[in-house]
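Visitor: Per Swiss-Prot, the features are:
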- 80, 122, 123, 446: Mg(2+) binding site (BINDING)
- 121, 194: [2Fe-2S] cluster binding site (BINDING)
- 123: N6-carboxylysine (MOD_RES)
- 472: active site, proton acceptor (ACT_SITE)
C-alpha cells in the first residue's frame, strides 16, 4: 500500500506514535488497512458547503465499514455570489489553484492510499479535480448537491440568477420594493449549490460523464436522503478502487474530456466549464485544441434548457431522469460519446447509464426534438480572438444569429457597471470590458453584474458584451467571454476604440472588429505596456504566473526557470 511509506518499518515508529495520537486507529490491525483522505470543503459562509461536515461524517463511517481508515482534511472555498462585484471576485478563480495545491500537499505529504473528495461550489470542484489528476491516487467525488429552487409570493420559480436580474429591474423601477425583498428572502431556500445550471452544478454534472462520480451526483438535492446514500455508496466504491488500483488518469483521457464537453453542450452548461475542463486536460497531459469544442458542438444536440435559460431547476432535471437520462439519450446518436470508457464504478459509461430513460420530455428533450441540433456553447475566433473566445449560445435569444454594434469601451468591470446603470450604454452598443482576464484582473472576475443589469433593463437582445474576463453560470444574453489573448498579454481586445464596429457571428463562430490588420498594428505600437494592479500577496504571485483563458487560466512557471 502507498501508506506503508509512513507506517511500516522500525524507522517509522515515531510516525506510528503520532498516528496513534490522532485517535483514528481503533484496533491493532488498523495500521494494516488503507488510509483514505477525505478532502472536504466545509465552510460556514458558503450555502453550498454548510452541510458538508455532516456528509463527511457519513463518508467516514462508510469508509470504516468498508475496511479502511478515514482521515479528514479541509480546503478553502469562495462563494462567487457573495464575492461578486468587489475585490473578493479577484480571488475566486485563483482559489482554484490554492485548493489544488493544498490538496496535493496533504495527499503527498501523508501518502494516502485513496481520496474521497467532497466539493460543491464553483472553483472547489475543479480545484479538487486538478489535485486528483495531479496526484493520481485512487479517488472518487461526491458533491454536496444542489439546493431547491425558490418560489416567489406570486408562485414564480426563483434561482440566484433571478435575484441578480431583479437588481437591474428594481433600478429601472419595473418591480416593486416588496417584490424585490420577497425575491431576496426566497431565492435560495435551502443549503446546496445554486439551483440552476450555473458553474457549480455544471461541473458536478460533468463529473458523472467524466467518470469520477456516481450517477446523479450533479442533480440529487443537497437535502435529500439520496444524497446521503450516495455518499455511502461512493465510499464503498472508493475502497474497492483502492484494491483494484483504479486511478484518475485511467479515467481522465481525451475521450473523457470530449464527452465532458458533449454533455456540457447538451445541457447548455456554464462557460466556466470550458476554462476548468481545459485546465484539467492540461493537468492530465492532454494537448486539447479549442477547435475540438466546436466540432463537438456541431454533432451534439441541445437537450435540456435549465435556469437561467429557462425556469427549470436542477431538481426538475433530476425528476426528469437526471444526467443518466441525458447520457443515455446521447448514446443513441453514434459518435456523440465514447460510452465504453472506464469509470469509478468499475463499469463503463454505457453500463452506468444505459436504459436510464427520460421521465419528463418538457425538461429533457429527446434526440428527435432538441432545443437545437447543435450544442449550447460555442468557441469564437477572429481578429479580436485569435486564440478563441467563448459564448453560451443557449443563453442567447434564438432570434439572434449575428449581432453588429458600436464598441463602448471600459478598462474595468466597475466602470462598465456604472455606465450601464446611468444609461450611457444604449441599444446597439457592444460593451467592451478588458483588462479583466486572469493576469489583468487579476483573477478573471465574473461579469455577472453588468450582464444582469443589461438583461434587467430589457436590453438582452439589443446590447452585447465582450470581455477577457469570464461570466457566472447565471449569465445570459449576448455575452462573449474568455477572449484570448487577454488585454494584459497584448491581446487585440486592448486595441478596440469607442465607435469601432464589432460583429459577433454565431453561425460562423467568429468575433471581429472592422479594422484592418495595419490599423490594429498601428494601435498596438501606441499601447501603454500593462502594469500589474496588485503588487503584494497571493494575487501578485498569481499575476506573474497565470496564462490566458485558452489554456484554462493555469499557472505556469516560465521555461527559463525550469
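From the backbone N, Cα and C atoms, a Cβ is placed for every residue, glycine too.
Tell me what's around each of these sites.
Guide: Proximity of residue 122 (Mg(2+) binding site) to non-local residues of its own chain (separation of 6 or more, Cβ distance below 8 Å) is seen for 78, 80, 92, 198, 199, 200, 203, 272, 473, given in sequence order.
Classification of residue 194 ([2Fe-2S] cluster binding site) by DSSP places it in coil, neither helical nor stranded.
Annotation note: residue 123 (Mg(2+) binding site) sits in a coil segment as assigned by DSSP.
For residue 472 (active site, proton acceptor), the same-chain residues lying six or more positions away in sequence with a CB closer than 8 A to its CB are 80, 81, 84, 161, 164, 198, 199, 270, 272, 446, 447, 448. DSSP assigns residue 472 (active site, proton acceptor) to coil in the three-state reduction, placing it in neither a helix nor a strand.
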Visitor: Within 10 angstroms of the C-beta of residue 194 ([2Fe-2S] cluster binding site), what count of other C-beta atoms is obtained when all protein chains are considered?
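Guide: That number is 32.
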Visitor: Where does residue 80 (Mg(2+) binding site) sit in DSSP terms: helix, strand, or coil?
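Guide: It is helical.
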Visitor: Among all protein chains shown, how many Cβ atoms are found within 10 Å of the Cβ of residue 123 (Mg(2+) binding site), not counting that one?
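Guide: The answer is 29.
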Visitor: Within its own chain, what residues at least 6 apart in sequence put their Cβ under 8 Å from the Cβ of residue 121 ([2Fe-2S] cluster binding site), listed in sequence order?
Guide: 41, 46, 48, 49, 77, 78, 79, 80, 193, 200
Visitor: Between 80, 446, which of the binding-site residues has the fewest other CB atoms within 10 angstroms in the structure shown?
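Guide: Among the binding-site residues 80, 446, the sparsest Cβ neighbourhood within 10 Å belongs to 80.
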Visitor: Rounded to the nearest angstrom, how far is the Cα of residue 123 (Mg(2+) binding site) from the Cα of residue 194 ([2Fe-2S] cluster binding site)?
Guide: 14
Visitor: For the Mg(2+) site given as 80, 122, 123, 446, which other residues of the same chain have their Cβ within 8 Å of the site's Cβ centre?
Guide: 78, 83, 89, 92, 93, 121, 199, 272, 472
